[in-house]
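J.: Feature list, courtesy of Swiss-Prot:
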type	residues	note
MOD_RES	SER2	N-acetylserine
BINDING	10-34, 38-42, 63-64, ASN90, 194-198	NADP(+) binding site
MOD_RES	SER30	phosphoserine
BINDING	SER140	substrate binding site
ACT_SITE	TYR194	active site, proton acceptor
Amino acid sequence: MSSCSRVALVTGANKGIGFAITRDLCRKFSGDVVLTARDEARGRAAVQQLQAEGLSPRFHQLDIDDPQSIRALRDFLRKEYGGLNVLVNNAGIAFRMDDPTPFDIQAEVTLKTNFFATRNVCTELLPIMKPHGRVVNISSLQGLKALENCREDLQEKFRCDTLTEVDLVDLMKKFVEDTKNEVHEREGWPDSAYGVSKLGVTVLTRILARQLDEKRKADRILLNACCPGWVKTDMARDQGSRTVEEGAETPVYLALLPPDATEPHGQLVRDKVVQTW
């Protein structure tokens, strides 16, 4: 594979929204599309399903919870393509509303994958993004709702334009710690681990976009978060009002923003419209 080849990559892509995004990119992106999944058998089965539709994604194993797995993927992309053109961070988890798992465990597990692991993917793959690259973090309006349900001093911190990545990581760690000590409500946090994890993803998006502006402005990389809406997936227990194809529309729109585009950047986008933060 020549390092001149363009490549797009989707995490958590063996089913649901990730699978629909991959299918759409296979149709619309001029270059290779890499479908990644934690489970190799499920990932390869998803690739075969798309091949049966006349599409030709590649497969690479990726467990975002495993830093070594992320680094192996980074090395593959560097060797095969000399970098990465499009990254869609879709992998994530959510507990059922009626799940009996104690809230502090739900908080730790949810933030580990949705926030900390997503951040690790960005840490390893952003440095190999090529000029005019596009990064899309799948977030949720649940994150915005969580922000609104935070105490005012916490809201101010999350909205602050000078909040650093280290500050944000400390805040996310504090939420997990506060749930363990059963003081999260007293400390001003909302009662949704998923919401806080997606709040973290959206604020991380704002911070990483700012970093790109400071360090690589000439490369015109655009990095955004988006809410796909309430989609009929396993995660939503098929309760959603949107199809996975509808859920994929905004992520794919952001992934394929034209090379001369300068915005959106560092935004939360739903239905192709920037949301007020």
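Cβ from N, Cα, C; glycine included.
Values in this document were obtained by computation on a predicted structure and should not be read as measured data.
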J.: According to DSSP, does VAL10 (NADP(+) binding site) sit in a helix, a strand, or coil?
T.: strand
J.: Give the number of CB atoms, excluding that of VAL196 (NADP(+) binding site) itself, located within 10 Å of its CB.
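T.: If we count other Cβ atoms within 10 Å of VAL196 (NADP(+) binding site), we arrive at 29.
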J.: What kind of secondary structure is the residue listed as 'active site, proton acceptor' part of, going by DSSP in three states?
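T.: It is helical.
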J.: Excluding near sequence neighbours, so keeping only residues 6 or more apart in the same chain, what lies with its CB under 8 A of ASP63 (NADP(+) binding site)?
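T.: Sequence-distant Cβ neighbours: ARG38, SER69.
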J.: I want to check the contact list for ALA20 (NADP(+) binding site): same chain, sequence separation of six or more, C-beta distance under 8 angstroms. What comes out?
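T.: The answer is VAL244, GLU245, GLY247, ALA248.
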J.: Taking the Cβ of LEU25 (NADP(+) binding site) as centre, how many other Cβ atoms lie within 10 Å?
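T.: Taking all protein chains shown, LEU25 (NADP(+) binding site) has 27 Cβ neighbours within 10 Å.
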J.: I'd like to confirm something. Which of the binding-site residues, LYS15, LEU25, SER30, has a Cα closest to the Cα of TYR194 (active site, proton acceptor)?
T.: LYS15
